[in-house]
Amino acid sequence: MAGCRMKLELSRVALGKGRLGVLKGLGKTGQLSLEVPGYLLHTHLGTVPHLTQDTLSTLSTLPSVTQITLSNIAEHQEVLEEFKDGFRKFAGLHDTVLYCALHDPATPCPTGHTTNKTVSVWGSGGRIELTVAKFMALQKAVKPDWYQSMADGETWQINTSHKRELEGVEVFGVVEGGDILEERVRSAKETAKRPVSGFCLDGLQTGSMDQALRTQLISVVTKELPEDKPRLLQGVGRPDEVLESVEAGVDLFEGFFPFEVTERGCALIFNFNISSNPELAVLEPGEDQETAGDSQHSGDLNPDDQTQMTSFEINLKDKRYQGDFRPLLEGCGCYCCRNHQRAYLHHLLVTNELLAGVLLMIHNTAHYHAFFSALRDAMAEDTLDLLKRRVLGQTERKD
């Protein structure tokens, strides 16, 4: 599209082993970048849940792209239009690229309300139906750096497509098609013809289909998309699913998984260290793996249930931690692990103290970020298979 600055520079592309590179030319000045595979910073109305901007700044090298959603913002359209200076300034955000999506990946969204002329989002006041005109008016008020196009409702006729663009703003086209391979391929081919800067793979979120089917669909779809444009997978964030999706050709993910883990009162402790240097180890094999996922209160772990804890975390509400004076994760350098013990987090959780969410979010965000860094290192060093065995082995012990 006209004025497009976003550019994906790939340093390594291997069939079945993913794409490694840097997404450059981001932001109003084009000076920011994002390493891929990578993730977008998940926020609620521009704020990372539980964390103030000052607290967030204690975490180093966070993603340069902040994700906001119309499901949270649409009901505030009049306020933003009156403010005139865009959501970034309205929310007090600095030095970040603003990406505007339709739906919050951490919030279930009812289906069956999309027509060929409208899409619906759900805010605190209920359903909000968006026509093309209202959708573009919202984007004009938000003033993002890039945004997701209207899913399904986009017809992209030649004589109207420019009405759905904002000057100097990147657009990501949406690939739909449910679990039907032929429809996915058709959508990918048509969307690839459009003047978009990248692609959102929609309708593949955790719980929507079997993981093997999702991987198959992604692998087929990405072959139809241009290699020099990024692919963002929506609604998928679990480490095992990230690894499978990266190998299938995905570049970017929504970073909501740490928030979901925090809301469960849990801490990420899964091991992704493949270094032979013990000083670099985050969690050595066998050290604490017997506790990961074992604190589930009832039933077996269900990998397709986004509300249920996974095998990558421990439940700090469990009584076993009331006398556990270790950090959440040995070797983790986050503020929480450097200053507090599992017993203290257990106390905060059972007494419903707000500080519990703050400390857990700090740790979970830091650990998730480190996982993506380890993923890129493994791809660069051709040790991705070793990383997969380390990470996926933790799920196999629970199955």
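Heads up, residue numbers simply count up from 1 along the chain you see.
Yeah, the Cβs are placed from backbone N, Cα and C, and that goes for glycine too.
Just so you know, TrEMBL annotations never went through curation; they're auto-generated.
Source: prediction; values computed, not measured.
Pulled from TrEMBL, these are the features on record:
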- 18-394: domain 'tRNA-guanine(15) transglycosylase-like' (DOMAIN)
- 285-307: region 'Disordered' (REGION)
- 292-307: compositional bias 'Polar residues' (COMPBIAS)
- Cys332, Cys334, Cys337, His363: Zn(2+) binding site (BINDING)
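Cβ-based neighbour count (10 Å, all protein chains) for Cys334 (Zn(2+) binding site) stands at 22. Taking the centroid of the Cβ atoms of Cys332, Cys334, Cys337, His363 as the Zn(2+) site, the other same-chain residues with Cβ within 8 Å of it are Pro327, Leu328, Leu329, Gly333, Tyr335, Cys336, Arg338, Ile362, Ala366, His367.
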